[in-house]
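What follows is a short report on a single structure.
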Amino acid sequence: MAAPSEAPERRRPFGRRFLTDPTRLFQHNAWDNVEWSEEQEATAKSKVQENSSQLLPQDKQEEYEVNAKRYWDDFYKIHENGFFKDRHWLFTEFPELAPNRNPSQNEDSLCEFSCKEVSKNEGLGSCENGHCTLENRAENQLNLLKSSPRFCTEELAPQKLKQSYEDYPGSSASYRILEVGCGAGNTVFPILQTNNDPGLFVYCCDFSTTAVDLVQSNVEYDSSRCFAFVHDLCNDQSPFPMPDESLDIVILIFVLSAILPEKMQCVINKLSRLLKPGGMILLRDYGRYDLAQLRFKKGQCLSANFYVRGDGTRVYFFTQDELDDLFTRAGLQKIQNLVDRRLQVNRGKQMTMYRVWIQCKYQKPAGPQL
């Protein structure tokens, strides 16, 4: 099959609200596709240079890596399921999550995408000292993973893992979705509510045991349609409950940014192996010079564009080219890679907040490339 055609780089707007008259700035809470001036970008670069001029000592950086799981567990113990809003806007941006849904539903739902939603990056944190709590049926993957390379190279290893799964959660499903870094279920449950395909099965995993417990204890958790499990993406001995080439969609929403940059390529390689030919990875994450990056102070920078928050969780701020390189090195083809520059407004305080997010869709080739 021929390679998929690239979607135009100029995106369909999240909403249809554009600031054409500056005098109307405080009439709404958010404005879409806001272009930055050269002066504004220069100011942002200057702030990043300033807050990254003093890096944390290496021993402190190693401490945040080793204890990453504990920091995310603590986060979910404190906030439980009350920190993030359910992401009903996802179906506007990623219709692949509910292919049969009426596209007119929630057309402007991203206006609900509040600062609170992205004030903390979602998901799994770093990947050291994590553990897996899968059912015994997934244990047969351990021996296969132990024999695979411990460290990944720049390019995706050409060989595939040979797997034999007779029965696994969702084995009879016709459409399988995996969300990585599921948190308390703010993506999973909207998918289960919106996508009524009887052949749908949704997997969701998180680095935090506490987060997975929150998903499994939710009254909407239905084990006949969903399987939640603890998973450490960066640990080669942490198994998945499904075989390679079994997934239609992998979702990464504010998750990749929480991983140590040196480990990101290995993570994307690992996830790409799970995709069926024609399957896609859907990503939304922090972009370079987002307000959250500019607000960091000296002494919070770990490495270039990688920071630690006050609670010990970490976050990276991407460029489009960096993400494109990660995905294409994993053998995936670009369908979408765009920047969403959003101007959010606090009308009460007369404040403006410039947000920068990147949204991507990358697809596994549907057949051998000739």
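A Cβ is built for glycine as well, from the same backbone N, Cα and C atoms used for every other residue.
Taken from Swiss-Prot as is:
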{"type": "BINDING", "residues": "Trp72, Tyr76, Gly181, Asp206, Asp232, Leu233, Ile253", "note": "S-adenosyl-L-methionine binding site"}
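Of the binding-site residues Asp206, Asp232, Asp206 has the largest number of other Cβ atoms within 10 Å of its own Cβ.
In the structure shown, across all protein chains, Gly181 is the one of the binding-site residues Tyr76, Gly181 with the greatest number of other Cβ atoms within 10 Å. The Cβ neighbour count for Leu233 (S-adenosyl-L-methionine binding site), using a 10 Å radius and every protein chain shown, is 26.
The secondary structure of Gly181 (S-adenosyl-L-methionine binding site), as reduced to three states from DSSP, is coil rather than helix or strand.
The Cβ neighbour count for Ile253 (S-adenosyl-L-methionine binding site), using a 10 Å radius and every protein chain shown, is 26.
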